[in-house]
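Marked as active site, proton donor by TrEMBL: His715. According to TrEMBL, the AMP binding site annotation covers His715, Asn716, Phe717, His718, His719, Asp755, Asp869, Gln922. Marked as Zn(2+) 1 binding site by TrEMBL: His719, His754, Asp755, Asp869. Under the heading Zn(2+) 2 binding site, TrEMBL lists Asp755. Annotation comment: TrEMBL describes 10-30, 37-51 as compositional bias 'Polar residues'. Under the heading domain 'PDEase', TrEMBL lists 623-968. What TrEMBL lists as region 'Disordered' is 1-53.
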Amino acid sequence: MLSPTPPSTNPNLRQSRTDSPLNSHRTINDTPPLRSSIVQRQRARSSSYEPQTLEGAKQTLDNLHSRAEEFSNMLDLLMQIGKGATLRDAEASIMSASCDILNAERSDIFVWDPDYEVLRSRTRMGRQKYDDEQMEIHPEVVVEPERDNLIGYVFHTAEIVCVPERRIDDEHEWDLDFLQTTDEETGKKTDIFGFIAAPVISSDDTVQGVIMVFNKTQPKEIFSDYDLFSIEQISRFASNAFKAWESIHAAQNAKQRMETLVGMIKHISNETDTNMVIDKMFQMSRSILNAEGITLFELIRSQDSKIAEGQLRISKSTVGDAIGMTFSISEGIAGHVARTGEVLNIKDPYSDPRFNSTADKENGFHTRSLLCVPVFQQGMVVAVIQAVNKRTGKFFNDDDTHLLQYLSESTGISLAQAALFHQVIRDRRQAQVDKIFIQVLSKRCSTHKFIMNVMKAAQLLLEMERFSLYLVDHHHREVWVTVEEENIICVPLGVGIAGHVAETGDVLNIPDAYEFPKFQRDIDLKTGFRTKSVLCIPVLSSGVDKTIIGVVQGINRLNNRGDIIPFNEGDMKLMQQFGTQLSVVMRQMMMEASITKMSVDRKSAMERKSSSAVPVFSLAREYRTELDTETKYNNQHSIGWVLPDEIQNEESGVKLVKSSDWDLDVLAMTPNEMENTFEVSLEQFNLLENHKIESKTVQTFIGRVRETYLENPYHNFHHAFHVFHSVHCILRSKSIGFLNSCQVLSVLIAAICHDIDHPGNNNAYEKETHSELAIRYSDDSILERHHCAVAFKVLNEEESNLLGNLSREEFSQCRKIIIQSILATDMSRHADLSRSLALLPDDVFETMDKDSSSHLFNTFFSAILHTGDLSGQALPLRQALKWGERVINEFTTQANNEAARGIPVAPFMANLDNLHRAANVQKGYIDFILKPWWIQFIRFFPDNPDLIKSLEYVDDVKAFYVSASEPAEKKKSEAKFVKGVLKDVEENPELEEEKEMKSG
């Protein structure tokens, strides 16, 4: 802040040291104004010191002793200047010395801020010696260095201005508006009788600030020549204090910024993904520059690499609407930097002819300053980073330029490393693809297996969520793909993205499929998938005619973090090369494919499926690019339950699964799939249109919810989504009468938020540990009330408020449903809710209408959310056991924590590391809680096949736990006993007759 401006730019630079500013004073008396130099005053003083008599000599000696004592005191006070550790300490010591040495009532100091080119004052000092209680700190007073005010005049001229006694009829009435400002801030009135204003000048003749002192403390006393001499000495010491503080502050800042930069460079150098390198550079630029706007331009060269014909594309920007925009490299500041590789730090962009102000005019923005730096990779400009309007100053300084240059250089090196790494990975993957194609060519296989092999090969090349290969039937004008050996899906030419590419031969790279007019959302709505980025390329025959024989389509490109990103130019080239390879392999398979298609066409009994896309949960499922969540978890936390042989031996073939199916395997879904399915599920009830909810708001909401769930074994986002999915399935039942749109929205929000921010333990643990939550909610449904509070915290944020367009009455209704439904998941309320359901007739929910009582609606919403919360064991055995393991692991963690704290462990949580004990606990849960509730609940939904089937799942799961709860030795003993009894019966038939008689 105190760094003096360079001599060439300082508005107050004194060009000649012979005309020292401290030897120039402006003294204004009442009549007439007097201007004199200190040399003249010293001569006048020296003439008055010549003694005439002995008595006069004695008086002179006394005066000299007095003056020497004054000098000694002054020196002591001056030596205190600058001993503080901060700028505030330095200012206070200067003002304290000014008041004491000049016997003044008050002192102020204005410090030059080179970043903003203004003078700032934050403190004033009273007459007493330096003491925190005597120093007043007020809001900053900012003075523009204009010559028409006193502070600006002193700053520009470097003269000392002294007004010993201020009168209304003074020749020059100085502008002292800044005093009125400080008086208003502090609530005190300052009466000015006289003042001195002196510059603080550094050794290189630059003005660092202005010191002012006001009013002598003694009545009728005015400022003297000696005061002028004193203020000069104070100014010199103040300059040294500022210089020392500047050096310390500069060293500290340099160290801090260098440490920050080194840490950032290390952070970037560890990345192997080019997109992540660019992303981190963008984030770090925002962090170190503190600018209003940051934009990252990606350079797109022409096919022959001529930079003059290239374009710049905005890949990252603080202005979201600008992302994706392209313009010629011959335009603007960024274009100049991309062409020349220069670094530009422009203080006034509007005066630069290269600056394009169109964007400012369109957005109502004003660019005050601009810093633009190129990013090099192997000697070529690949990107440009541009920062506008520094928040902590008028301009970007040299430190900002150097830091951004260092960062861009490191980014270029990291980009080269990442490119090399990816080339090696792609070469390896290409070798694997070649191996797969060689295997396909070397042995005959069915069309379905061929397509599966192609999908596997494509997934090796690119990280993406889905991949499909469509074959083209020109005779029937359709593209088709196998789902199973004897089952195909057909799409007419021209319909959907794949149909369009098959008809036109265009290559389509679509960042967001929902923005493409030919994309049809029907399949997304049916399956719960959210198609975003799409890359679709035709496969041409290897003959002369280049007929389109197939279409390859990749969906949702993924980066290293699993986030969906658009496909880039490199992906397009790679996919086109893949298509070329594929056409050679397909030439051998075309006869087999034609036979398969003809065979299916002749089966008139088969219901032909016509769709705009392939069902997303049916294809490429076993070729997920990421390790499934369930596999990751089971590899680390499996407790050792062994599935029955018939379950283990089930074929893992392709299975059609929709997002509305009860047995959807949520644990096998990625976070992106769950978030996208959440939006699709809302759309299936038409909630977005009914309540004017934007897709961006839905995605922000579900993203915030997912981030707020903790990584617990059981109570995590996967559990939340499973409960949401179960509630969604129940709400689609035909056995439900009237429900309005607000009610449906409310219970779905309650389902996804019902365990948000769950700590991984139960209410009893919170009570026993006297936790903050237990104190806040007075031991009453502690966690459930916390979930409600956190849910509405997310909903209260404007970007994630799904209820933002509801009326006051609708919002009140939704809030009540959400709170009551979440509170109903407290297991302490299970018995009361069971009794309430037992009193209701079987058709009560089917006959429900808008005039039904609020109590009935509340019971309904509470019941379905509670059912969804219990449904983890009402699934196929394989899924139920995965959920069961998570519950056992979370119970075990709580039991260990309780034991460590000396808290009694609940019996059902004790010794769960014993498999038989764990299975017995799960069996008890099914016997006493789950099955009684399930039997009672499904009587209200007799036409819901999912719920009927789920009861069979409950029985299957219980049977497994019964088997697993008994030690193997006991089972063998019982089996041996039964075998012996059967043998006795065979040998002695009368025993069977006796047994029948006893039973009769």
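Positions of Cβ are set from backbone N, Cα and C atoms, glycine also.
Highest local Cβ density among the recorded positions His715, His718, His754 belongs to His754, counted as other Cβ atoms within 10 Å over all protein chains shown.
A distance of 10 Å separates the Cα atom of His719 (AMP binding site) from that of His754 (Zn(2+) 1 binding site). A 10 Å cutoff on Cβ-Cβ distances gives His719 (AMP binding site) a total of 23 other Cβ atoms nearby, all chains included. Shown in sequence order, Gln873, Gly884, Val887, Ile888, Val957, Tyr961 are the residues of the chain, 6+ apart in sequence, with a C-beta less than 8 angstroms from the C-beta of Gln922 (AMP binding site).
The binding-site residues considered are Asp755, Asp869; of these, Asp869 has the fewest other C-beta atoms within 10 angstroms of its C-beta.
For Phe717 (AMP binding site), the count of additional Cβ atoms within 10 Å of its Cβ stands at 23 [all protein chains shown]. Across the annotated binding residues for AMP (His715, Asn716, Phe717, His718, His719, Asp755, Asp869, Gln922), the two most widely spaced Cα atoms sit 22 Å apart. Note: the Zn(2+) 1 site is recorded as His719, His754, Asp755, Asp869; in the same chain, His715, Ala720, Val723, Ala751, His758, Thr825, Gly868 also have Cβ atoms within 8 Å of that site's Cβ centroid. For Asn716 (AMP binding site) paired with His754 (Zn(2+) 1 binding site), the C-alpha to C-alpha distance reads 11 Å. Summarising model confidence by region, the domain 'PDEase' (623-968) averages a pLDDT of 86.
Just so you know, the Cβ of Asn716 (AMP binding site) picks up 20 other Cβ atoms within 10 Å once every protein chain is counted. The two recorded residues His715 (active site, proton donor) and Asp869 (AMP binding site) have their Cα atoms spaced 10 Å from each other.
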